Structure formats: C-alpha cells, structure tokens
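Heads up: the structure comes next, in structure tokens.
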Amino acid sequence: MKLVYRKDIDGLRTLAVGLVVFYHLGLNIPGGFIGVDIFFVISGFLITSIIFNEIKEKNFLFSNFYKRRLKRIFPLYIFISSVTIIVFYFVMVPDDFNKLLKSYISGMLSLSNMYFIKESTGYFSSETELFPLLHTWSLSVEEQFYFIWPILLIGLLKLKGNKLYTGVFTLLFILICISEIITVNSSRVGYYFLLARGHELLAGAILGVLLSDERFKNKINSYNTLFSFLFLFFIIYSIVYISKDDYYPGYLSIFPTLGTVFFIISRQDSFVNKLFSIKPMVYLGQISYSIYLWHWPIIVYFNYTGIEIKSAEIFYILFFVFTLSSLSYRFVEVPFIRFNFNFKSVLIYYYMIPLLIISVVVFAVPFDKLINARISSLGGREQVKNAIYPDSNSGWCQVSEDRDVWGDENCILGSNGSKLKGLLWGDSHAAHFAPAINQLGEIHNFSVYQRTLAQCVPLITSGNLGRYSNMCSENREFIKTNIKNYDFIYLASRWESRLDIFGDVEDTVKWLSNNIKDVYIISQVPLFESNVSKCILRKTINSSVVCNMDVNSDYRKANLKLSEMSDKYKNVHFISLDNVFCKGGECSPLINGSLSYFDSNHLSENGSLYLTPHIPYPLINN
C-alpha cells in the first residue's frame, strides 16, 4: 500500500523552517528555535511510516532505506557546504576557517552535533557567528537516528498487541527522563545530543505506527477540532514562553513535540490543516531543506563581515535565501533524488567519492599558510600576534575542560616556597590576571595558588555553578576548607553578568573578610561589544568589516557596586583598572599599539602583564 502524500505536513515544514529563520534573524520570537523540534517529530513520523509500511508489505530492505537517505541528505549538503567553504575562505581568519573545515568533515561523518558539543560553548552563545555550519547539528541527530531506529523498530515489532505499545511508550518515557537529566547537567550537551532529542523523533515514530492502523484513525476522527486547538495551544505556548534562558530541551521540549503530534493526527480536512495546505505553504515546505541549509551561512556572513542586520538587510537575506533555495531545490536536490541508481552506486557516487575529495582538499591544502600570508601581506598579523589567552593551552593553570589541573606546578604563581601565600579565586576573568600576579609575586617574593575555573562564580553559596558544576562545587569547598591557610586572596569574575546575585557576592566578601587577612577585589576590565582581536584580523582581510569598539556600560555598574561594597570592610581593597584602558570616556583594547585583549572581554597575556604595576599586593598595604 502506497503512503498518501500529505500537503499539510509540507505546510508544517514551512512553519518549522520559518520559525528557525526568523529566530536567527533576531526577530522577537523567543522560542523560534523550536522549529527544529517540529522537524524532528515530522522526520520520525515519515521515516517510520515508510519503514512500517514496507515491513507490512514484506519488501523492506535496509539498502533501499539508506539509499533514499543518502540521496535526500548529502547532495544538497555537499553543494551548499562547499559554496559556504569557498565564500568564507575569503573573509575568515585561519582559526575560524579551520573550525569551519572540521565542521564540514564532521557533517559528512554525521557527527557535527558531537563536534559542536566539543567546540562551542552553547547553541545560544555569541560565538555561534563563527560557525557557518552550526545548523547542521540537527542533520547529524537525524542521521544517527536513522542508523539505530530501523533495527530497533524491527525488534520492537516482534512484540505483539499491547506489549508493543507498552514497549515504545516505556522507551518514550525513559528518553524524556534522559533528556531532562542531560539538559539539567549540561544544557550545551543536551541541546545537541541524540539521547536528549530521541523522544521527539520517537514521538513521531510512534505516530507512524499508530496512524497505519485504520481502527485507530477511525477512533480519533471525531476529535479533529480539539486536536487542531491543542496544536495551536502547544505551538504558540512554545514560541512565546520558551526561550534561550530555559534549560532546553529537557521536559520543556514536550510542548512543541505534543503540538506537532496533534497536528499530524488531525485530518487533512481540519481547519488548521487546510490552512497549512495552501500552495505557498506547501511550496515553501518542499524547499524547506534548502532554506534551512542556506539561511544560516548567509546570516553568519553578514555578522562575520560586520554588516549590521536591520530591516533592509533582513529583506535582502530573505530574498537571497528564497532565490538560492528555489534554484538548489530544482537543480540539485530534486535531480539527485530522481537519479535511479542502486544502493552501491549511490553510496560510492553520492557519499564515498565526495568524502574522499573533501578530505583530500581539507587535509592537503595549506589553508592556514595561504590565509596567513594574505593577512601578513595586508599588515594585520603583527598587531594581534600576541593575543594569547592565559589558559592551560598556553602554559597556565586555567582550564575550560572538565578535568582537574589544580595539582599542576603552573597553578602556583609568583615565588614558590615564599612564606607569604595567597589565592587567586574566580572564573576565566580571574584567570586572565594570572600573568600579572605571577610577575608581581616573582618581583616581591610571594606566591599565589590559582583556583580558577571557567563560568564558576566565586561564591560560598551553592548556586550558579556554571558549566562544570562538579568542579565548581569542589573549588568552593576547597576555599571554605582551606581559606585560613592563606594570608590574602585576589577575587575576580565577570562581575557585570553577576549583577542579579550581588547579594550572594557581598555575603562571600563578608565571609572572606572574617576569615583572611586581606581581600583584593579586582575590577572587571572594559567589556567590548565585539571580539576586537578577530575583528582587527577580519578588517585586514575585508576592509568593509566594521570593528565595534563600543563598551557595554554594565561592567561599570558592577565595578561601582564592588567599590561601594569594599568600603564597608577595613581589610577589603578594591582594585580599579578602568583608567588603564579608558581615557576621557573612550576605551581602547590597544595599549602602545599592541592588542591587550584576547576577545571582547578577556585579556591576553600581554594585556595582563601590562597591568602588573597597577595591581597592589600585601607588602604595600601591610
């Protein structure tokens, strides 16, 4: 029995891709990213409907299934990704271009979601503009599902009657619980990881089985109007009330999942499904894969080259996306799907040969040297060559991986063995002061034990543990247990992002003042609106790039609060560094012509060392 084509599901694809595109354009759609969740449910439904139907007809072959998937996914992915690589070669700095190449290969291996778990600080972070192929994470999630699900489905179908539904609904419940656990522990991992998204695909898959049963469809026919309203409720709720500030996916992803489920089980003649079946909605749904693949590289290009996206730019982007998507759908996507090759030929010509060619190009062509030569010829490399962040990769103690390095020798700054001992406690914005404090300690004969961890706010309370919650808890416990073994402490953080918890900050400062001789609170350095280091390089490559040297004034509010707080305690000293970088109200990341910043908010090693004379130390104040 041939499956019936449903125009309304193509219309639903239009909603899904539209939400994603408008969200990425910065329009006020808090939950626009749930469009991907809609895609997952649709994918689970359609794939399972096809497999289940073929199993019933006794003509299911794994080779046919994977042949269809290869033809559907890879030709367009390879074409658009290759165009993206070529375009960004002319505008990207070497580090960013290397990441782009790695993400391309990862996508070919169906592992781009795992790559972005490792390389990005999160889907919603500002650094996403560095990843033109970031959106391909969802393709890898689906591809990983395709590897597992047909085998699992065949096994589940051996269960008969109620045992089958008990099995799949139990699995669904387990996957929802797993998603919540993973997301709460790491929203970054949860967003990209198959196990945290599996319940969405499985929900669609369950529908694929249920809707193949005419008795089930007859039972639910009278509820079509209710299902339509439930679809609208759950989707609108998801768009309006779910945002990037929530732990997601987790249990919240149940809302868009249910909304999509209710749409699919509604009959095509329901009032909502009719609306989604009009020709423009159906056409946009048919080219939605092209739209999805084109939109993000184009948006990243605008952001990366410093073109501010306003109303006119949004119009241009939408025009480019629609035009390119229509063309690639007609001349790339459809022709490659229609070519009638056997599985072996498709595997070789659609996948193996392109993968081989791409790998040879990526690993054999010296892109680093070519881009660096172009930058050097334009005079950009010299200005930023020392913009190195002081972390474990450059010989310092700070880490941003979930591993313990606090026992390493380089965690002792200054003069090791000195009787005068202190602590440096905070997050990555404390770590960037390590070179200055190290130099200060060597000159004036004191040592400082560096206890810094990315995103770990220096608090004695239990909340706000950041990305590495276990290590952060361990670090706080160390401070509370060992504070009396030290003479003084330097306290630093990205204070501007802690304004809402300054009550906890003051509780911590008060506790420190009662337990250690001297407390030095280091101010936050100016917070620039853009990555000034990379922007200077990008401007060298492309003169149209506009480097935003504006600062976010919130850091000044935080510093003022810290200054007022320190005045309450005799042994608490506030170290203001604002005047080092700012003159007459204007701030610059350049000191004596050299870049003192690693990015928009972290100092480089050179920038830190420049501050050495400006940081007081215990011998001066005692």
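Each Cβ is built from the backbone N, Cα and C atoms, and glycine gets one as well.
Automatic, uncurated: that is what TrEMBL annotation is.
Annotated features in TrEMBL:
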DOMAIN    7-323  domain 'Acyltransferase 3'
DOMAIN    397-615  domain 'SGNH'
TRANSMEM  12-27  transmembrane segment
TRANSMEM  33-52  transmembrane segment
TRANSMEM  73-92  transmembrane segment
TRANSMEM  137-157  transmembrane segment
TRANSMEM  164-184  transmembrane segment
TRANSMEM  190-211  transmembrane segment
TRANSMEM  223-242  transmembrane segment
TRANSMEM  248-265  transmembrane segment
TRANSMEM  281-302  transmembrane segment
TRANSMEM  314-336  transmembrane segment
TRANSMEM  348-367  transmembrane segment
Annotated stretches the transmembrane segment (223-242) and the transmembrane segment (348-367) touching (3 or more Cβ pairs under 8 Å): no
Stretch with greatest number of CB pairs under 8 Å, the transmembrane segment (12-27) reference, 33-52, 73-92, 137-157, 164-184, 248-265 candidates: 33-52
Please work out whether the transmembrane segment (281-302) lies in contact with the transmembrane segment (73-92), by counting C-beta pairs under 8 angstroms that are 6 or more apart in sequence and asking whether there are at least 3. yes
Could you name the stretch, out of 33-52, 73-92, 164-184, 248-265, 348-367, with the greatest number of CB pairs under 8 A to the transmembrane segment (190-211)? 33-52
Dominant neighbour of the transmembrane segment (137-157) in 33-52, 73-92, 248-265, 348-367, by Cβ pairs under 8 Å: 33-52
Any contact between the transmembrane segment (33-52) and the transmembrane segment (348-367)? By contact I mean 3+ C-beta pairs closer than 8 Å, pairs at least 6 apart along the chain. no
When pLDDT is averaged across the domain 'Acyltransferase 3' (7-323), the result is 94
